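Presented below is the structure to which this report refers.
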Amino acid sequence: QVSDSESDSEGGEGRQLRPPGDPALAQARRVGAGLRSLELRAAELERLQELALGSPLPPPELQRDLQRLRDEIQELTREIRGGLRGLEPPKEDEENPKSFGARVRRTQHGVLAQQFFGVTGRLQAAQARYRQRSLDRLRRQLLI
């Protein structure tokens with residue numbers, strides 16, 4: 001990710017080409033913060049799922065907490081997806097694909113999208129594991 005204080009030293013000038021208040025960098029920071037929050041919520045979801053599966057009869061509070069966390073994750077995922085769309089280089093940058101703004105947007109979008117897909121993949125795998133283990137537990141209970 002690019003920080004606000006990074007500068008480009010083209011021609012040895014060392015001047016800063018993008019101002020610290022650049023909207024693309026601000027958008028990238030917001031998406032990055034959302035991704036960190038999503039990762040924390042994903043870890044919490046996995047912890048609560050293990051707790052629910054480790055208990056013979058999970059308390060209703062735990063089920064409510066799981067559902068609340070799933071809802072938060074869904075909303076945060078929607079916000080991050082929108083932020084990533086906002087980072088896509090605009091159509092006018094396609095005319096000059098080597099412009100600094102287009103490169104920054106493409107790079108930031110690529111890195112953050114890759115992180116987003118990694119976290120969402122982890123979430124989907126955790127949900128699939130939880131569903132499968134819940135079904136297995138239900139089958140065992142029905143056999144008993």
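A Cβ is built for glycine as well, from the same backbone N, Cα and C atoms used for every other residue.
Here TrEMBL flags 59-86 as coiled coil. Within the same chain, residues 27, 30-31, 34-35, 37-38, 41-42, 44-45, 48-49, 51-52, 109, 112-113, 116, 120, 123 sit at least 6 positions outside the coiled coil (59-86) and bring their C-beta atoms closer than 8 Å to a C-beta of that stretch.
Among the features that TrEMBL reports, compositional bias 'Acidic residues' is placed at 1-11.
Annotated domain 'Syntaxin N-terminal' per TrEMBL: 16-135, in sequence order. The average pLDDT for the domain 'Syntaxin N-terminal' (16-135) in the predicted structure is 86.
For 1-25, the entry in TrEMBL reads region 'Disordered'.
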